[in-house]
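Marked as heme b binding site by Swiss-Prot: Ser45, His95, Lys98. As annotated by Swiss-Prot, O2 binding site applies to His63. What Swiss-Prot lists as domain 'Globin' is 2-148, and the listing cites sequence analysis. The nitrated tyrosine feature in Swiss-Prot is assigned to Tyr30, Tyr136. According to Swiss-Prot, the feature phosphoserine maps to Ser45.
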Amino acid sequence: MEFTLRQEALVNSSWEAFNQNLPLFSVLFYTFILEKAPIAKNMFSVLKDANEIPLANPSINAHTEMVFEMVRDAAAQLQTTGQVVLGDTTLGVVHTQKRVDGLHFMVVKEALLKTIKEAVGDKWSEELSNAWEIAYDGLAVAIMKEMS
């Protein structure tokens, strides 16, 4: 299945909405993850010693921005080449060290989609959701390949 220019545009425009309030959406993103998988807290160095998700924490914002930017980049790669190649091959090592598995990728995908839904409000659609899902899945597959 081809990733279309329209899908890439949907990811880009919704990423822009997300990026307009990065501190809020960073907290939401991690809140969604921890609601679903509280044990995942120890997998994130930025949360390990925190009792709650701190608002406007530069480390949390940077990590959240990196995750969403990698999905955005995956969308661009899927549109132009049909595959995702990691720019940072150490991601496989880091995810292996943290003992990330397929279920963790699913939890993060769900949190990512919920966060984008909050960011875009009434512009949320099945088409937008599908574009982010496909891009995220492409990124997840690339990371899992590096893990093996």
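Residue positions begin at 1 at the first shown residue.
Yeah, the Cβs are placed from backbone N, Cα and C, and that goes for glycine too.
Around the Cβ of Ser45 (heme b binding site), the same chain contributes Ser59, each under 8 angstroms and 6 or more positions distant in sequence.
Secondary structure at His63 (O2 binding site), taken from DSSP and collapsed to helix, strand or coil, is helix. Rounded to a whole number, the distance between the Cα atoms of Tyr30 (nitrated tyrosine) and the residue listed as 'O2 binding site' is 10 Å. Taking a C-beta cut-off of under 8 Å and a sequence gap of six or more, Tyr136 (nitrated tyrosine) has these contacts in its own chain: Val71, Ala74, Val108, Lys109, Leu112, Leu113.
The DSSP breakdown of the domain 'Globin' (2-148) into helical (H, G, I), extended (E, B) and coil residues amounts to 111 helix, 0 strand, 36 coil.
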